[in-house]
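Novice: Just dropping this structure here.
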Amino acid sequence: MRVLLIHSDYIEYEVKDKALKNPEPISEDMKRGRMEEVLVAFISVEKVDEKNPEEVSLKAIEEISKVAEQVKAENVFVYPFAHLSSELAKPSVAMDILNRVYQGLKERGFNVGKAPFGYYKAFKISCKGHPLAELSRTIVPEEARVEEVPEALRKEEEELVSYWYILTPEGELIEVDKFDFTGYENLRKFVNYEIAKNRIAEKEPPHVKLMLEHELVDYEPGSDPGNLRYYPKGRLIKSLLEQYVTEKVIEYGAMEVETPIMYDFEHPALEKYLNRFPARQYIVLSGDKRYFLRFAACFGQFMIKKDAIISYRNLPLRMYELTRYSFRREKRGELSGLRRLRAFTMPDMHTLAKDIEQAKEEFKKQFKLSMEVLEGVGLTPEDYEVAIRFTEDFWKEHKDFIVELVKLIGKPVLIEMWKQRFFYFILKFEFNFVDNLDKAAALSTVQIDVENAERFGITYYDENGEEKYPLILHCSPSGAIERVMYAILEKQAKLMNEGKKPMFPLWLSPIQVRVIPVSEEYLDYALYVAGKLEGAKIRVDVDDEDERLNKKIRRAEKEWIPYIVVVGAREKENGTITVRRREDGKQYETRIEELIKEIKEKTEGFPYKPRPLPLLLSKRPKFRG
């Protein structure tokens with residue numbers, strides 16, 4: 001079943017003609033109708049719903065009721081609408097399910113109207129236009145599900161209701177449909193994405209074209225979808241990001257470890273943990289035993305901590321692994337370039353804290369660490385939106401702490417609040433990048449976990465020598481490395497749309513300087529300049545192609561080279577270079593040593609790796625036709 005929910009000022013319809021040979025019998029007064037201040041449910045009943053009409057009806061009633069509660073609508077209008085699906089159920093089944101939904105909503109106390117089934121109808125509707133006003137839901141009967149989720153868990157999840165707010169740095173908590181989004185358009189887009197929960201990629205995001213054009217990353221037809229290949233320039237960027245985040249986390253105080261990529265389905269602690277997640281694992285068979293490929297570093301780090309002897313003096317205890325790879329079998333329609341993959345590289349730190357106060361202190365520090373890490377890759381708070389999620393009880397007890405976090409970011413954030421705890425954590429934040437298609441992807445995240453220490457048997461000895469269960473903070477200060485690359489490319493696509501020059505952060509640029517001789521006569525001097533730069537650990541190449549100077553410059557511009565160095569007779573005679581700086585468009589003549597000094601100052605504190613391709617352009621293969 002597909003459901004489109006529109007919170008409306010009114011809806012009115014008029015029957016025009018029969019659409020089916022045997023439509024629903026109706027009286028004269030059913031040929032037209034109107035309802036005001038209403039949640040309209042446009043519904044397509046699908047072929048798969050024939051497997052279990054009762055279950056689909058109950059789930060639809062539940063979903064529609066939840067949304068009606070969120071938008072505070074007392075009136076609900078059920079509108080048969082075949083155009084949400086191409087796989088429709090038999091008319092008799094569809095009519096039965098729609099009537100079940102209609103009656104079920106009435107039994108829940110709503111004032112319910114409906115349009116007749118099987119007719120062509122004209123209708124008018126006035127959508128209210130707030131963030132909750134347009135939502136969609138897909139409901140699938142259990143027999144049709146590919147994934148298996150435990151019945152008790154599914155029931156709990158279905159009953160979980162999210163309450164959405166905007167929290168300002170001044171501490172004002174505002175219901176999301178009452179917040180004035182003027183000046184916060186990106187936040188509005190993020191809110192709409194979060195509440196609608198539509199993860200399907202309808203079209204290709206701009207970063208995909210850029211990753212292919214720049215020969216960074218490509219699809220691998222010989223592998224499972226969502227597993228990518230990286231060309232030399234893309235591997236360099238990814239490798240530098242991995243090194244950068246790892247250095248930041250170790251500098252923060254984490255101990256780096258390495259753990260297996262596969263785990264036993266039947267391990268008691270892992271079995272319980274898996275029940276908290278949808279069954280989207282890759283399965284590996286070894287003899288007659290089944291293993292799953294990890295979707296995070298939690299398992300391995302928890303097993304190490306379970307076996308360790310830990311004192312209260314060791315807390316907070318931070319452990320880190322860069323997982324290459326973590327695996328998650330995302331739905332095919334949700335896979336999208338670098339944004340959502342089935343194999344991804346995740347920097348994953350877990351911190352043990354003795355109590356909630358120490359956990360809050362660490363949470364705040366890791367919030368700041370995440371901001372710092374993203375700033376280093378060229379993403380400021382203006383580039384991402386923040387979501388903070390917690391229970392109502394946590395808000396009541398720790399409101400001032402939450403407001404402190406919002407003050408750090410300096411702008412309004414989205415709040416998701418629950419009446420009771422369903423997940424293993426009591427507090428979570430994410431920094432979310434909203435791309436050019438208005439899709440959001442979580443980057444940095446931290447959670448306070450209150451379940452898994454006991455589940456895995458992780459303990460520490462307190463001041464009195466008694467064993468206690470610590471709290472666990474899950475932290476990825478950047479999010480998946482592939483997602484960071486996605487965010488960088490999507491940001492550059494936005495700049496291009498605004499008529500600005502795109503470029504990678506200087507320390508991440510595969511080639512930082514391109515030296516172009518004005519003719520073959522000056523190739524030796526170009527190589528001399530390149531040698532000086534390379535000796536200073538600057539990634540440099542030389543365009544030795546037999547082409548006109550303007551074409552070479554255009555090629556370097558198209559590749560987003562930060563510094564284009566042109567050398568000819570004057571430069572060779574004076575021992576200088578002429579530089580075009582992409583960042584500000586400035587062109588100037590200088591000495592090699594001065595350019596080295598400028599680049600080293602701008603890349604100080606960031607990791608370095610050598611040039612990923614041959615020095616001379618004429619020696620390079622093309623990876624894409």
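The backbone N, Cα and C atoms fix where each Cβ goes, and this holds for glycine too.
So Swiss-Prot lists the following for this protein:
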{"type": "BINDING", "residues": "CYS298, HIS350, HIS474", "note": "Zn(2+) binding site"}
{"type": "REGION", "residues": "1-143", "note": "region 'Editing domain'"}
{"type": "REGION", "residues": "206-505", "note": "region 'Catalytic'"}
Novice: Find, among the binding-site residues listed as CYS298, HIS350, the one whose Cβ has the highest number of other Cβ atoms within 10 Å in the structure shown.
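Specialist: For the binding-site residues CYS298, HIS350, the Cβ with the most other Cβ atoms within 10 Å is HIS350.
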Novice: DSSP secondary structure for CYS298 (Zn(2+) binding site), reduced to helix/strand/coil, please.
Specialist: helix
Novice: Counting every protein chain present, what is the number of Cβ atoms, excluding its own, within 10 Å of the Cβ of HIS474 (Zn(2+) binding site)?
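Specialist: Its Cβ has 22 other Cβ atoms within 10 Å.
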Novice: Could you give me the DSSP helix, strand and coil counts for the region 'Editing domain' (1-143)?
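Specialist: Its residues fall into 50 helix, 56 strand, 37 coil.
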Novice: Other residues with Cβ within 8 Å of the Cβ centroid of CYS298, HIS350, HIS474 at the Zn(2+) site?
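Specialist: Once CYS298, HIS350, HIS474 are set aside, the remaining close residues are ALA296, ALA297, GLN301, PHE302, ASP348, MET349, GLN447, ASP449, ASN452, ILE472, LEU473, CYS475.
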